[in-house]
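Before any comments, here is the structure.
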There are 2 protein chains.
Amino acid sequence: MPDILSPDCVGLVTPQTHHFSTPLALDCGRTLAEYDIVYETYGKLNENHSNAILICHALSGDHHAAGYYSMQDKKPGWWDTCIGPGKPIDTNRFFVVSLNNLGGCKGSTGPNSINPETNKPYGPDFPIITARDWVKSQARLGDVLGISQWAAVLGGSLGGMQALQWAIDYPKHLRHCIAIAAAPKLTAQNIAFNEVARQAIMNDPDFHAGHYYQYNVIPRQGLMLARMLGHITYLSDVAMRQKFGRELREGKIHFGFDVEFQVESYLRYQGRSFVDRFDANTYLLMTKALDYFDPAHECGDNLAAALTKVLAKFLIVSFTSDWRFSPARSREIVKALLDNKKEVSYAEIKAHEGHDAFLMPIPHYIRVFQAYMQQINIPGEK
Amino acid sequence: MPDILSPDCVGLVTPQTHHFSTPLALDCGRTLAEYDIVYETYGKLNENHSNAILICHALSGDHHAAGYYSMQDKKPGWWDTCIGPGKPIDTNRFFVVSLNNLGGCKGSTGPNSINPETNKPYGPDFPIITARDWVKSQARLGDVLGISQWAAVLGGSLGGMQALQWAIDYPKHLRHCIAIAAAPKLTAQNIAFNEVARQAIMNDPDFHAGHYYQYNVIPRQGLMLARMLGHITYLSDVAMRQKFGRELREGKIHFGFDVEFQVESYLRYQGRSFVDRFDANTYLLMTKALDYFDPAHECGDNLAAALTKVLAKFLIVSFTSDWRFSPARSREIVKALLDNKKEVSYAEIKAHEGHDAFLMPIPHYIRVFQAYMQQINIPGEK
């Protein structure tokens, strides 16, 4: 809860909703007849609409990327570290758009929205969404806002994957693509973790095959397990050791199955608090979008071939202790871009925070990010 | 199912059970008044009882380490690769003892055994068991078999931890200690994975606070999840990639939550088949024994101090792609032994199989293991 708003904060923000009534054809073969997209903007769109930045969110993210909704808020948006006056995504220069993706649970149409055909929540009938579908829906939001070319599209983790997809699908519609802690596709191990998370949710007796809304319950235990497991993959072994070591919560072993080690207490807390703010069907959809992301697949598993037509300049950032999407995964992207003689900057940041590093104020990371953003040319800028 | 028994196989074996009626005081403060230990032996005990080898099993292991129970068996014991005539643990030279640990579910007294005080299964009332308790119970089994000093005590993973505990608690009672793919204690990340597995089991509505036997159900989904998660940590990322890549089970994406990728199919199969052969309460106990293992703790977190009194010679083996108990964890043990000027051989085996490598016929591993075992002196050997 901020007592006063710091001068590098975007301040109090209000989300907006746009209703789209043009049907959206999806990768899965189905069509969404109409849908809402909720979004926030920070900064001002310049006269020739050349300073717009699109933020794509990760698995459990949403449109609230920066600022506060009220002075009573305990926390700012999820990427407040990087968005604001004088921050890497400098709202003195850029007009920033951050949306909740389709299939989400924070206001954009998703499984917990009312299906106009049935007047009941979509639940499991909500179509599977891919990164490509998201990019298409984001392009439509750009149209609504009068943005025909983004100065940059960017994101971390699954957000970085969307940025890559943008560069591939709409090469002329972005000048810069920034993918942080991302990967060109998931490994079998990544998919395996997602599958365990999904099984945890789908096996919860309160899941009711995804129709839990009508039973007035949520698959609490399953979603909690999924989040606990996710958290392990977001942190590095070293970060966990530094944060918790093998500290005992009450100073001594008590030989039982209650919480004993600090790390258990932390994970259970993370799991429990997530359940109250996230929808299980959305979690399932997001993990599937991750599993399916694989732009090289259509090009004979040749990532360079998938990137031949991109026009954007790239910044790729990875973190040394990220074992979910390790630096090697980012280097695959860099190599494929270089194979095409594309312009790419790459930074491998020494950090012990693991995958979550992309959300943290790590000085080297912030400096690199800021330097890259500062050199982005804004046509018409005074 | 063997058509004929290979000459390097120990052949058909029969487990034996010993009933102990001397109470066993446990680390947790409780006492087991009486208990059974089931075990198998391979090879022959020599005249002066100097050729005995004790095998300690890992989390989901048991006493059936080698050979077959019948010619109809589909698989031999879990470490048949390493135990038999001419194999590293050469039954032409050694008398091998392999037991099911206390708290197990394969014949030794554990949560699914009848508690003589209540005439019902122990269930959650079975006491928490530590590696030290196991070692104590194994020493008693040695007494029964007339073995006052083991030529070697050895094991992989949690089995290697028991071997270390033997060297610390009974220094005069073993000449060699062999710990493969082990660690001196769990990291916060290791504990975190165990905690998610436990939560999966304990949150299963069929768990009934551990009393599921009397409801004639088992916490099937929870135990399945725990095993799926375990499997991810047993395999390396590379091994998963080589085994499954991102292969689709039916050749194409079908946009749904059924099994799509081969790795999902594999994990679900592993989870399901485990449920039918393992007890959930035992799984909980085993993960706790892992969490608690930390011989340095009593010595101010100084592992070297914990190892000052060991007399055994050591072989420590690790595998490069093991990220559950990485080579760095084995090197901690090696360093602590060297700090004490103890005799230790260390082999870091290049292998892509991950933690599971210790069960596999990797040529370099087998050669190192065999060479070490061959130089073990057996007093009285002709």
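Glycine too: its Cβ is placed from the backbone N, Cα and C atoms.
The following features are taken from TrEMBL:
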type	residues	note
DOMAIN	A:51-346	domain 'AB hydrolase-1'
ACT_SITE	A:SER157	active site, nucleophile
BINDING	A:ARG227, A:ASP356	substrate binding site
ACT_SITE	A:ASP322	active site
SITE	A:ARG324	site 'Important for acyl-CoA specificity'
ACT_SITE	A:HIS355	active site
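Structural mapping of features recorded in TrEMBL.
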{"residue": "A:SER157", "record": "active site, nucleophile", "CB count, 10 Å": "27"}
{"residue": "A:ARG227", "record": "substrate binding site", "CB count, 10 Å": "24"}
{"residue": "A:ASP322", "record": "active site", "CB count, 10 Å": "29"}
{"residue": "A:ARG324", "record": "site 'Important for acyl-CoA specificity'", "CB count, 10 Å": "23"}
{"residue": "A:HIS355", "record": "active site", "CB count, 10 Å": "24"}
{"residue": "A:ASP356", "record": "substrate binding site", "CB count, 10 Å": "21"}
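Here A:ARG324 (site 'Important for acyl-CoA specificity') is positioned 9 angstrom away from A:SER157 (active site, nucleophile), judged by their C-alpha atoms. Note on proximity: among A:ARG227, A:HIS355, A:ASP356, the recorded positions of the record, the Cα nearest A:ARG324 (site 'Important for acyl-CoA specificity') is that of A:HIS355. A:ARG227 (substrate binding site) falls within a helix when secondary structure is assigned with DSSP. For the domain 'AB hydrolase-1' (A:51-346), the model gives a mean pLDDT of 96. Considering only the recorded positions A:ARG227, A:HIS355, A:ASP356, A:ASP322 (active site) has A:HIS355 as its nearest partner by CA-CA distance.
Recorded residues A:ARG227 (substrate binding site) and A:HIS355 (active site) have their alpha carbons 15 Å apart, per Cα-Cα distance.
DSSP gives A:ASP356 (substrate binding site) a helix state.
DSSP assigns A:SER157 (active site, nucleophile) to coil in the three-state reduction, outside any helix or strand.
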